[in-house]
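> Residues annotated as ATP binding site in Swiss-Prot, with sequence analysis given as evidence: Pro97, Pro98, Ala99, Arg100, Gly101, Leu102, Gly103, Ser104, Ser105, Ala106, Thr107.
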Amino acid sequence: MGPPKIGQTVVVEVPSTTANIGPGFDCLGAALDLSNQFTIKRIEGNAERFELIMESTEGNHLRGGPENLFYRAAQRVWRTAGVEPVALEARVKLAVPPARGLGSSATAIVAGLVGANALAGYPLPKEKLLELAIDIEGHPDNVVPSLIGGLCVTAKTATDRWRVVRCDWDQSIKAVVAIPSIRLSTSEARRVMPENIPVNDAVINLGALTLLLQGLRTGNEDLIADGMHDKLHEPYRWGLIKGGLEVREAAKAAGALGCAISGAGPSILALCKATKGREVSVAMVKAWEAAGVASRAPLMSLQLTGSECISNTFG
């Protein structure tokens with residue numbers, strides 16, 4: 001297939017994600033109904049030209065150029081497919097705030113993959129895009145649900161290949177995500193984790209993950225409450241989130257079934273019945289306010305479609 005023509009434009013929407021969801025460290029993630037929109041255009045210039053236009057003050061620190069995640073993902077698609085690379089412009093309507101534990105980096109990677117694949121005439125199947133996304137990100141729990149939607153478990157098999165399973169999520173269970181004004185980088189959140197963990201902690205997490213998945217499948221409140229329990233990463237990370245433990249306890253007191261750090265944080269995920277959503281949201285915001293941190297806590301639903309190319313036109 002030939003390279004995209006100058007002026008060709010695609011529009012890609014990519015959902016936010018909440019990863020880990022308590023015990024599913026680096027393997028469990030869910031797409032949520034808050035999305036970034038990327039308008040991607042072939043422009044004149046050599047293949048190393050990449051212009052990034054952010055339509056949000058949240059993204060003012062982000063830059064174009066060859067090190068940009070979006071650009072790197074687009075280049076991987078074209079190299080893999082044998083398509084001549086081209087200069088690009090990406091205009092981003094940013095709804096997913098960076099460095100908050102909602103998969104903002106994953107949206108950039110997925111948008112680069114999906115957008116470049118669309119511009120080139122879809123030479124690569126979605127399975128290949130999944131493989132590339134995991135390789136670029138380094139772990140699957142955000143990029144997989146961001147690409148395909150839903151609640152996803154991703155595991156590496158004994159033959160060193162990735163297997164993805166989409167799991168059921170009962171529609172009566174909603175997610176309240178408290179998003180603070182403070183930031184926390186994934187690299188910082190990973191630095192505090194130990195290199196080795198006790199076997200007993202791993203066993204506890206295996207059991208908790210099983211309970212959580214069954215609870216989400218059936219809507220069983222007790223199973224969800226017992227399953228939202230982690231020993232692998234959260235004990236080391238709560239100390240990085242100002243007021244985080246108080247927000248967690250406030251959410252539970254207001255009716256949340258369980259709470260977890262969303263991804264690497266600092267956002268906090270609470271699972272609850274829809275009827276408890278407003279109470280949980282208000283309680284989390286007030287608890288963070290008491291700690292001197294501004295926040296918002298929208299009630300979210302599972303996003304089932306994943307990333308979508310909603311337009312492919314010539315300018």
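Cβ from N, Cα, C; glycine included.
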> Report the residues of the chain - excluding Pro97, Pro98, Ala99, Arg100, Gly101, Leu102, Gly103, Ser104, Ser105, Ala106, Thr107 - with C-beta within 8 Å of the mean position of the site's C-beta atoms, for the recorded ATP site, in sequence order.
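Output for this site, in sequence order: Ser16, Val96, Gly263.
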> Please list, in sequence order, the residues in the chain of Gly101 (ATP binding site) that are at least six apart in sequence and whose C-beta is under 8 Å away from its C-beta.
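In sequence order, Thr18, Ala19, Leu184, Ile261, Ser262, Gly263, Ala264, Gly265, Pro266, Ser267 meet the Cβ cut-off.
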> Might you list, by sequence position, any residue in that chain lying six or more from Ala99 (ATP binding site) with a Cβ less than 8 Å away from its Cβ?
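Correct list: Arg183, Leu184, Ser185, Thr186.
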> Identify, among the binding-site residues Ser105, Thr107, the residue whose Cβ has the fewest other Cβ atoms within 10 Å in this structure.
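Result for the binding-site residues Ser105, Thr107: minimum number of other Cβ atoms within 10 Å at Ser105.
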> Where's the emptiest Cβ shell within 10 Å among the binding-site residues Pro97, Gly103?
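Taking Pro97, Gly103 as the binding-site residues, the minimal 10 Å Cβ count falls on Pro97.
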> Tell me whether Ala99 (ATP binding site) sits in a helix, a strand or coil according to DSSP.
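Ala99 (ATP binding site) sits in coil per DSSP, no helix or strand.
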